[in-house]
Amino acid sequence: MDKFILHIFFFGLCKWNAVYSASPTISVLASTASISETTAIGTSVLSITASDSDGDTVTYSVASGGAKFVMNGAVLTTSDTFDYETSSDRTHNVVIRKHCAMDKILSSSLKAYYNCQLNIIRISVKNLVCSDADATACTISIQSGDDATNKFAISGTSIVTSANAIDYESLAGSNYVYTLIVVSSSDSISSATATVYVTITAVNEITPGTFSTSPSTISIAESVSIGTSVCQVSATDGDTEPAGALQYSIVAGDTNGDFGIDAVSGIIYTAKTIDYESHTSYPLTVQATDAASSPLSSSAVVTVTITNVNDNPPICTPNYGIVSLVETSTAGTTKHPLLGLRYVIYQRIVPLVETSTAGTTVHTLSCSDADGTTPTYSITSGNSDGIFAVSTSGVITIDTGKFRCYRMLIVVLAVDYDTGATAYSLAVQVTDGTYSTTVTVAVTITASNEATPSFSSNPTVNLAEDSSVGTAVYTYTASDSDAAPHGIASYEITTVTNSGITFFTIDHSSGAIQLAKTLDYESQTTYAITVVATDGGNLKCGTTWYPTYSNILYCNNKHQGFIKLLQRLLATLDYETTTSYSLEITVSDSASPARSTIVQVEITITNVNEATPVFTSSGLYSITFDEDTATATTLVTVSASDTDTGDTIVYGFVSAYTGFVIIPSTGVILLTESLNYETATTHSLLTTATDGTRTTTATVSLTVNDVNETPVFGSALYSPTIDENKAIGSSVVQVSASDVDASTNGVITYSLVSGDGSSYFVIDASTGVITTSALLDYEEKTEYNLIIRAADGASPSLSATCLVNITVNDLNDNAPLFIPNTFTLIINENVTTSTVIKTLDAADADSSVTNNNVFEYTLTTNTIPFSVGTTNGQVTTNTALDRETTASEEAPLNTYLFTISACDIDEGDNSRLTYIISAGDSNNDFKIESGVIFTAKTLDRETIAVYNLVIEVSDNGSPTNTATVTATVTISDINDNRPSFTTNFAFTVSESLAINGNVGTISASDADVGVNAALTYSIQQYWSSGTNPFTIISSTGVISIGSSLDRETLDTYHLLVRVADGGTPSLSSDLNITVSVSDVNDNAPVFGNLSYSGTVVEGAIVGTTVLTVSASDADAGSNAIISFSIDTASSGGTTADQYFTMASATGVITVKQATDNGSPQLTTSVSIYVSVTDINDNNPVFSPTFYDSEISYLVTCSSSITTLTATDADSGDNGAVSYYIISSDNINFDDYFEIGSSTDTGDNGAVSYYIK
């Protein structure tokens, strides 16, 4: 396997100034990494960690050499694939750089780098084992089978790939297999060969490409039907199938799923109704993906242009609306623009006030046509009096009675609610020339309180002072030209002069005034009654009238001496001008003579609150403040004045206004709660000024300016869930942020700013809908976190963020997998019921959260004699097994086997079925009747073990329709064949064979199968003498010895062996075998005597026979042939060998050793004593022959001079030596010297000097 080895070298540490930061501690977690050339993209190579005691963030990047690597946090991962065969540089030096907060102020020499050196290791294909008994090493070479460019090489004893790339696609002719003939030799003489089959597996190395589209220009009308073929795309992939088989899909450009694509053919078709008004073109991104386990893909954009068809009527929206138009609105006022269009008949409810003037805009229809045409408008009904007209743009206004179109407005005549015209129903037709839509506009005339009630006169009524209570005084009525509800609503008496308020009552509905108390002329002669009439719009009108009554003078005690005088006020009093009057009144009676008196009357004028306070600025105050104005800010000070003397003005609001307060004494209006432009752009504060009795009102109009505010998410955390495997583009959740600002300041744009799910999800910028952009797999990742930003449209923009925690739901999308997925079991048919024959092992990659990885084991068929534990996977037998349950070869004729059934949804003869066996039964061993299969002949498994019966079923229709199915009939075995020995067996073994040594193997065969062919061997009879030394392995037939053999004891054995099968009953066969014992030279020759002796005269002539020896050998053959020889291993034998010879075959003496011819040779020895009779045939011999001695002349007699030594080879007397001195030259040495001659005294040869 080619690999990359990473060696990590640390070049330098980022040294920090202690004032700013501590030096980070670096730890390389993996210093060496091996990378296969097949390593997938994204594989982690090594990890580097750094810590900083100051808590500074440390990041990493690839500084250089990282074309095929990226840093994922602190982990170096692969970003590309590796290919040993095409890599020109098989070493990658990757330099990793560490970044920390202080890097920007440090010199480059103080920053941290890491160097990673990556080397490739060759792929080992096969390691070969070669041995040679004659040598210690073998040389291996590839003889043939490789390409001319040598895809393989030998490295030591291994076959490895060479640097030349292997191309799977070019090997189709050889079934993707290299057949390498490998030769091994240890010398130039002998060699051995081996065949190595190298199967090449496909690698998905080629990305699909070369897209083409037919036709090349695509344009379709929006009216095409669903399923219409648009075009066909095709791509090529140089990989061989199945990896090169392409699947097509549309991955982008069609969020609505308007198009589909045939995954195999690449034909794009319409999947939904196409709408030009929704999409004028589709840039479809078509992806071609190959079928590899790790697929490659490429994509191309196919642009489908949609042509417009006039298929949309004009549409108007919304489908409801309430418009309030004051009847006094000026010409051209638009009250309620309609904003959209819908394809229905709409009703517009447009209230108009009765006095709306000519030119007033009643309503604006907003209609359009999705096809792009400009609609035209016309009023088709509801305008019989010609009050309304519609313009070309759908705007309705009030005009002078004839249709007048200007700037596409609808104009109408003035309307008068009070004359009975309270509503109009206008049918407005909107058309594009082909299609039309009718919009019903209901115009409701809202009554306007335009007339103030009025009294026709101020009458004077006279009453007698004695009028009774309840007397009708006067019915006082007012008139109002408004119709209900703005007509006269009520009457009331507001004031009566001279404290007369309690003397009168009024009926609120009719205006009838009655006397409530008795009158007293003397107390008061006149009252001014102020009556106010109020209409339904709260408009009021008041008048004062004067009831008077008769002047009666009382001068009696009835009035207790008081004189009451009714005097009319001749001028209006004014407290502010004159506060008192002093009157002198003369009172006289009518008697004669008349009497009179003078009364001094002091009249003090009391102040009456007759003036209403008056606001400055005509009672209209307009102010503008920003919505972020601080509370307690003074918004405005309203001011009013009163002409009455001494009045104190108090300020207030007509009603309470949230967020505002007015200081009663000063009129200062303060802000108590924050303004909100988005809630209310204006505020109208009705402010009052009262002097205690009279009140006036002013309007303070506050305009609020918009201030850009930060958007606010509805939730800081969204926790949606989504099922794994959801299609790309599936909606996950919609985040929602609100911005209280108006216009563009309140337009929110959503974006995905960070998170570990950034590559899996996208967000719609306008709606906040988060959708998937990649397939989710629970088994890869169970949750994702996204940081979502909501930014408003202001400049500068304000934004808020939220966290979206997406939990992936586990689906049961992974089928349990058996480990392994296939296996074969062999069991005996005689196993007992409930025997566990296998425990299955399976795994499910799904999660345990929803028990998706909890599975049960079940059998897919209930027709087999096994069951499986649903939870433990134990496969057990649930009934007795019988090999032959399929179809026994002993089944009698017409035995039922099985039934084939078919159905035909036709009727009558067309559904009448006929079954035949069309193939697989050449011997006609079966027959079929109405789908039932029977045996037609006796079956023999040994002839045919399996039948593949092709069953054909045909109906009786015309033409005939047929279907076929293959039924496999397995013939079960019965024990109907005896085992037979393959040959006659005879064995020869050496008598030296060790115990348990192999004698030989007997073998037999049985035509049956299974247990019926399970053979057992045994020795039934031992025919030879003695104890049987042989044993046999029952299962294999291997014969071995259990005790030692001795050919010299018994050289031939006869055994009766038996082979039996495992059937019931068992069948067997017997065979006599012979075992011959070959000789081993295990016996030494044996001499006839333990020793021999003989005598020979010393001088015997050559060839004289001295002695004959004999020997025998228990072995046979060459091992028993004896050769005699002299044993020269001893010194005596060596000597004897000089004088004696021995006939090797006969043992005639000259020999004293016997040797056999065995291998190895065995010998034995015998002692032979040969006595040689001595003759005196040897002279004595001095040793040495020369003696040189000296003697002093002063020596005394008997001084020893030397000792002479002589020997004689003879023996006995012939070898006894005597010494004597022989005189010479007439010198008698005996006179001076003597020599010992006596052998008895031991001084023989001793020479002495003495003087006689």
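The backbone N, Cα and C atoms fix where each Cβ goes, and this holds for glycine too.
Feature annotation from TrEMBL assigns domain 'Cadherin' to 27-210 (among others).
Residues or ranges marked as domain 'Cadherin' in TrEMBL: 212-316 (among others). When pLDDT is averaged over the domain 'Cadherin' (212-316), the result is 86.
The feature domain 'Cadherin' is assigned by TrEMBL to 354-455 (among others).
Annotated domain 'Cadherin' per TrEMBL: 455-615 (among others), in sequence order.
If you look up TrEMBL, you'll see 617-713 (among others) marked as domain 'Cadherin'.
Residues or ranges marked as domain 'Cadherin' in TrEMBL: 714-818 (among others).
What TrEMBL records for 819-883 (among others) is domain 'Cadherin'. In terms of DSSP helix, strand and coil, the domain 'Cadherin' (819-883) has 1 helix, 13 strand, 51 coil.
Here TrEMBL flags 879-981 (among others) as domain 'Cadherin'.
Marked as domain 'Cadherin' by TrEMBL: 981-1087 (among others).
Look at TrEMBL and you will find 1088-1182 (among others) tagged as domain 'Cadherin'. Taking H, G and I as helix, E and B as strand and the rest as coil, DSSP gives the domain 'Cadherin' (1088-1182) the counts 13 helix, 31 strand, 51 coil.
Annotation comment: TrEMBL describes 1183-1248 (among others) as domain 'Cadherin'.
What TrEMBL records for 1-21 is signal peptide.
According to DSSP, the domain 'Cadherin' (714-818) comprises 4 helix, 46 strand, 55 coil. In the domain 'Cadherin' (617-713), helix, strand and coil residues by DSSP number 3 helix, 46 strand, 48 coil. Under DSSP, residues within the domain 'Cadherin' (212-316) fall into helix, strand and coil as 0 helix, 52 strand, 53 coil.
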